[in-house]
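Trainee: Sharing a structure, written as structure tokens. Questions coming.
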Amino acid sequence: MTMIFDQTTPLAGLSPASLLRAASAERLLLLALGFQIALAVPSLIAFGIDDRLLNGISVWIKPLKFQLSLVVMMATLLWLLPLIDARTLASRGIWLAAFTAAATAIGEIAYITLQAARGRASHFNNSTPIEATMYGIMGIGAALLVLSALVIGIYLLTRPSPFAPTGLRLGGGWGLILGAILTLITAFALGSGQIGGPGHWVGGVRTDVGGLPLFGWSQTGGDLRVPHFFATHIMQALPILGFVLDRYLPGQVRIGIAAGVLASFAVVTATFVQAVRAMPFL
């Protein structure tokens, strides 16, 4: 709680209920982060001993990727949350955004991991009524998770703490907002099945075997996961850029963040066009 309740943070006049909400928001995100780590340990063990395959690769690859991604996202929100003004941080809006992020992250990864344990696909799986329903619920949950980050980004820009470094605040705010918007767009393209049919492939061989090392992206055709990946991680790239600018180029913070925003948009657009044209990333 020291990140929020720093001695320099103006908390005088806040009610006990408001203070409790501020602390609860951080605890919720910590709970979600811990849940991802707790599931990653048995998932990693299972990856080493379970030889079952799905789309030609281990059934445990997907949950491990999502667990890592959600750890990064929860850690990012925890990093940026204290940059918001103390009174706003103690508001119901911030608490609701944190609750939504935590609840959807926990729900998403619980189902993805359960399906891996069953040897079943979690995404693009309409094989049974229950799985089709759960896939739809996952889509709603993922959208709510991303929208909660967008809300926190808006608060960062409009209700910053007076002690927040300019670069980190601007990078964090615009990173969450732009990242959320582009993530929703690329996720819709992925989930709609209107570009290359069901799944993430566009042309090429519809298998995950022989994918790009570490990422698993198709090397025989387009892969809509590429722009989705870059869109999602704008949420980390721009805050890191802001942090670096604060430290080394404090006089160039605003122009640096503006350049970062344009570059991020360009990368997502270029990789999306590349995928739609059925071209592999590398």
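A Cβ is built for glycine as well, from the same backbone N, Cα and C atoms used for every other residue.
Remember, TrEMBL labels are computer predictions, not curated facts.
According to TrEMBL, the protein has these features:
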type	residues	note
TRANSMEM	28-49	transmembrane segment
TRANSMEM	64-81	transmembrane segment
TRANSMEM	93-114	transmembrane segment
TRANSMEM	134-158	transmembrane segment
TRANSMEM	170-191	transmembrane segment
TRANSMEM	226-245	transmembrane segment
TRANSMEM	257-276	transmembrane segment
Trainee: Return yes if the transmembrane segment (257-276) and the transmembrane segment (170-191) have at least 3 CB pairs under 8 Å (sequence gap of 6 or more), otherwise no.
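Mentor: Contact between the transmembrane segment (170-191) and the transmembrane segment (257-276): present, because at least 3 Cβ pairs are under 8 Å.
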Trainee: Can you tell me which of 28-49, 93-114, 134-158, 170-191, 226-245 gets the most C-beta pairs within less than 8 Å of the transmembrane segment (64-81)?
Mentor: 28-49
Trainee: Can you work out which residues elsewhere in the same chain, 6+ from the ends of the transmembrane segment (28-49), have a Cβ less than 8 Å from its Cβ atoms?
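Mentor: Contacts of the transmembrane segment (28-49) (Cβ under 8 Å, skipping residues fewer than 6 from its ends): 58, 60-61, 63-64, 67-68, 70-71, 74-75, 77-78, 81, 95, 98-99, 101-103, 105-106, 109-110, 113, 116-117.
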